[in-house]
Amino acid sequence: MIRALRAEVTRTRGSAALLLTLSGLIFALLSSRFAVSAGMNGSVHDLLNWQGLYATGLAAPIMTLLAGAVADRERGAREGGTRWRSTPRHLILIARALVLIALSGVFHLLSYGGIAVVAMLTGFTDAMGSIVIAALVSWVSSWALCLPGLVLADLSGTIPAILIALGLQIIGTLSAEKSWWWAVPMTWPVRPSLWALGVHQNAVPLAPGETPIITEPWTALAGCIITAAASLAVLLLLDRNTRHLPWVGRRAVVAPAPRRSTRGGALGAAHLALRGTAIGWLTAGALALMVVVALVDRPGAAAGTFSYLVLPVGAIILPVVAWSGVRDAWRITALKGPRTRHALVARIVIHVAAMTAAAVMAVLLEGSPEDLPRRTLLWVLTGAVVVLASLTTTIRFGPGMAIAGGLLWWIFSVTFAGDVLASTPLWAVSLPLWAECADTPARLMLAVPTCLVLFTGLLFMVRRAETVRLRAG
């Protein structure tokens with residue numbers, strides 16, 4: 001077992017998974033910066049409260065991304081040949097799970113360690129115990145996120161696993177303070193962190209003297225440990241079944257060649273390349289959600305659903321999925337047809353505009369067209385900016401960084417576009433949700449030219465990222 005652990009640690013050095021743990025420093029810096037900006041009112045919980053954004057919105061996607069980086073490393077290296085060696089496979093997988101848990105520990109150490117440093121600098125040296133407890137609780141809770149994430153990443157790939165984790169995070173957060181939370185395993189990693197941080201499920205701090213709904217974390221923590229153990233057992237079982245599949249001698253059916261696009265030019269080629277990706281069913285799901293909300297929910301819900309969820313998350317995910325469809329053939333395609341480089345950008349921006357048109361129709365179907373022209377303008381502009389920012393990050397730094405950075409931006413935007421913080425200068429940070437908070441003539445006059453300038457600059461950044469990609473091969 002010791003040798004398996006040493007080998008796993010060696011493979012982890014310099015890997016993307018190890019680099020991702022440094023994002024814990026980003027959470028520490030952001031939490032500290034926002035806490036100081038909002039004003040410290042004499043409690044260390046003013047620092048810890050901002051970690052609630054991570055616990056309620058980003059814990060599952062970030063931990064799944066970390067697990068996906070480990071799975072991608074082994075998939076790319078073909079397990080380093082260990083699958084065909086005499087080393088027991090169960091020891092290798094157990095070592096991988098333990099190192100993944102250790103990587104999660106490094107992430108939380110950096111995240112809460114940065115807060116501890118700020119607490120000491122601001123005179124809260126007697127509150128180290130609260131910070132240590134919050135860090136330990138958050139780390140143990142993450143076991144029920146990263147190990148299931150490793151299973152999902154092995155089965156479906158990193159990007160689908162992150163999307164699934166995001167959906168489970170939303171379900172778990174919304175159900176965390178319900179009386180039936182124990183029947184929803186997705187709440188188990190959320191509740192202990194809410195208890196330790198002193199926040200509600202919407203990341204709002206508990207009022208002074210307010211009785212917390214969550215009185216103890218131990219039951220949920222026990223569920224997290226059981227979930228982690230069950231995930232490891234599933235990982236071992238799946239690997240055992242895979243090793244005994246009769247691969248040799250199986251007949252292979254050659255798939256038919258893809259149909260030629262009926263649309264001419266580079267835009268038609270880009271359309272054909274993206275037809276085999278998940279964009280189609282993701283778009284269908286988003287449209288179905290909009291229609292259901294427009295028909296059954298209260299007036300104004302369709303616009304809010306598009307502003308807060310469909311547009312920002314879709315604009316983050318769309319370039320990642322689109323790039324995965326053209327990445328392998330990108331070099332030869334771009335060299336033979338330079339217009340293809342512009343066609344990909346045009347295709348995804350057109351998709352954002354089409355989704356905005358669908359949202360407008362849903363709002364009209366709902367019967368609440370108030371302020372619709374302003375919203376439509378900002379939907380198109382902010383969606384185009386976010387989609388280009390995500391595409392640039394995907395091409396330059398990879399899909400994992402694009403998803404992690406985009407989701408972080410989205411969570412903070414949702415927070416700052418709320419009723420209270422939207423009236424402060426922090427509204428400017430929430431660009432993906434400017435359709436909701438740029439609701440005055442002065443803010444609109446600032447938002448529109450800002451989006452146009454950012455869009456123009458991002459076009460050059462996309463072109464630069466594509467050039468770097470071509471030179472790198």
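Using the three backbone atoms N, Cα and C, a Cβ is placed for every residue, glycine included.
Annotation source TrEMBL lists transmembrane segment at 51-71 (among others).
Annotation comment: TrEMBL describes 91-121 (among others) as transmembrane segment.
Look at TrEMBL and you will find 127-152 (among others) tagged as transmembrane segment.
Nonlocal intrachain contacts for the transmembrane segment (159-176), taken as residues 6+ away from its ends with a CB within less than 8 angstroms of a stretch CB, comprise 56-61, 63-65, 67-68, 145, 149, 152-153, 184, 186-191, 194, 201, 214, 278, 313, 317, 320-321, 324, 399, 403, 407. If you look up TrEMBL, you'll see 159-176 (among others) marked as transmembrane segment.
The feature transmembrane segment is assigned by TrEMBL to 218-238 (among others). Sequence-distant contacts of the transmembrane segment (218-238) (same chain, at least 6 residues past either end, Cβ-Cβ under 8 Å): 90, 93-94, 97, 101, 137, 140-141, 143-144, 147-148, 150-151, 154-155, 181-182, 185, 187-192.
Look at TrEMBL and you will find 272-296 (among others) tagged as transmembrane segment.
Annotation source TrEMBL lists transmembrane segment at 302-323 (among others). Residues 159, 163, 166, 274, 277-279, 282, 286, 289-290, 293-294, 344, 347-348, 351-352, 355-356, 359, 362-363, 365-366, 368, 372, 375, 379, 382-383, 386-388, 390-391, 394-395, 399, 402-403, 406-407, 410, 413-414, 417, 432-433, 435-436 of the same chain lie 6 or more positions beyond the ends of the transmembrane segment (302-323) yet place their CB under 8 Å from a CB of it.
Look at TrEMBL and you will find 344-365 (among others) tagged as transmembrane segment. Below 8 angstroms of C-beta separation, residues 267, 270-271, 274, 279, 283, 286-287, 290-291, 293-295, 302-303, 306, 310-311, 314-315, 318-319, 322, 326, 372, 375-376, 379-380, 383-384, 387-388, 391, 459, 462 of the same chain, each at least six residues beyond the ends of the transmembrane segment (344-365), sit close to that stretch.
Annotation source TrEMBL lists transmembrane segment at 377-395 (among others).
Marked as transmembrane segment by TrEMBL: 407-430 (among others).
The transmembrane segment feature in TrEMBL is assigned to 442-462 (among others).
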Criterion met for the transmembrane segment (377-395) and the transmembrane segment (51-71) (at least three Cβ pairs under 8 Å): no
Intrachain residues whose Cβ lies under 8 Å of the transmembrane segment (127-152), provided they are six or more past its termini: 43-45, 47-48, 51, 55, 59-60, 63-68, 70-71, 96-97, 100-101, 103-105, 107-109, 111-113, 115-116, 119-120, 160-161, 164-165, 185, 188-190, 192-193, 195-197, 217, 220-221, 223-225, 227-228, 231-232, 234-235, 238
